[in-house]
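Undergrad: I am attaching a structure below and will ask some questions about it afterwards.
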Amino acid sequence: MPYTCCFFFLSPSPLPLQTGDGCGHMVVYQDSGTLASKDYPGTYPNYTVCEKKIQIPQGKRLILKIGDLDIESQKCESNYLTIVSSSTIHGPYCGNMMPVPKEIILDTNEATIRFESGSHVSGRGFLLSYASSDHPDLITCLERANHHVKNEYSRYCPAGCRDIAGDISGNIVEGYRDTSLLCKSAIHAGVVADELGGQINVIQQKGVSRYKGILANGILSQDGSLSDKRFVFTSNGCNKSLSLEDGFIPNSHITASSSWEETTEIGESVQWSPDKAWLQVQGISWASNHSNHREWLEIDLGEKKRITGIRTTGSTMLKFNFYVKTFIMNYKNNNSKWRTYKGILSNEEKVFQGNSNYGDVVRNNFIPPIVARYVRLIPHTWHQRIALKVELIGCRIMQANNSFSYPMWQRPSQSTDVVIGKEDRTITEPIPSEETSLGNTRTMLTKTNPKLLYSLNKNHFLFQLIRFHFFGLCDVLNLPVF
């Protein structure tokens, strides 16, 4: 019986698109957000699709800004980005085929972002940010201070800029090198929260010879060299050392679960007691006698205060490489139960990134701030032994009869990833303010809109727009009126 040979020739064909795995960095919130292709700013993968619906509150228009677009395609056939709303399609965008607009304003509150990739060799993909029409001064996460020529300006940072690649140099005290990313610097400085974004008010100043980098709010800034210009952020003034406000807090007001008693080589006893925990005090730190999650360091501020941040360091002793790597915060007032500080958009306890060595100072900001008399720092993870020095940052609560409203936080909707506020809550603690030397100053609150505060003196008119965020957080925008 003869044998028949059959030959099958397989022609190459495109691989099927892997729907949904082309999305990379993505942070979306009620009023703003940031999206990027997978592996951005590295090369995006072949044969993927990223499709994401973004939405802002009803009645507002959607503003989009494309911070970067690097797609390897000249005719947008298999590699492209489109923005689709109910009435229009923007794009496709790719290569140099079609100029990419700096800003896209839609007449709707929602749109679908679609990025599709075929076979390619290079290309970063895309990064875009969006916000509602309440924020026409939106910028992207890639904008740097040296892109601006004005000495003073205000911009809106979208949510999600913390983990975008790009260096920053400097710190909140000395300022930031003008080559630094604006929004990432604002998160580092504690001006805005990465989960929310927010308004930033920037002042450009003469540069300095050196910029010192520090770890703050999960971002490590770099040391920087001489520059012509630097920038700083304006604040509401609630950033003073609470341990130095009225002289040092009495030692009896700082306590701990336990203390380590060191025996030196010559047999002397050294107490690593809680009174050694003040950051301003030279020498050894507080160290616990045990290494477990039941250890704590407690500070009594004497009265209820607004606490906006904390600075920590390790043992400060080269011989003792002890430090707390992560920690959580508890707080309470008189005759109340301890409460755990939680994430701004969740009900889970917030774990703060602490120190990575025995000597460097690390700063974390509380957004929203803690309003309490007593605070406890509870070590979560540590190196060798629990040991730290601490400084609380904040201000007194000014007495007033005014009250303000802010939206109650809710978890993001699972269907749209949009946070929906369902009820209002009233803050009884007023926002702190600093005394000024402007002469006779009258301050009044308008009855028609309690969020507008007017300050008037004989030589200077100042319009202060105060936007209140969550549990008393505010951003202050100072605009001179000529």
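Cβ from N, Cα, C; glycine included.
Bear in mind that TrEMBL entries carry predicted annotations, made automatically and left uncurated.
Look at TrEMBL and you will find C23-C50 tagged as disulfide bond. Residues annotated as domain 'CUB' in TrEMBL: 23-133. For 135-231, the entry in TrEMBL reads domain 'LCCL'. Sequence annotations record features per position, and here TrEMBL assigns domain 'F5/8 type C' to 238-395.
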Undergrad: Looking only at the domain 'LCCL' (135-231), how are its residues distributed among DSSP helix, strand and coil?
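TA: The counts are 11 helix, 38 strand, 48 coil.
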Undergrad: On the 0 to 100 scale, where does the mean pLDDT of the domain 'CUB' (23-133) fall?
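TA: That stretch averages a pLDDT of 93.
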Undergrad: Find, among the disulfide-bonded residues listed as C23, C50, the one whose Cβ has the highest number of other Cβ atoms within 10 Å in the structure shown.
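TA: Ranked by Cβ atoms within 10 Å, first place goes to C50.
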Undergrad: Please classify the secondary structure at C23 (disulfide bond) using three-state DSSP.
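TA: In the DSSP reduction, C23 (disulfide bond) maps to strand.
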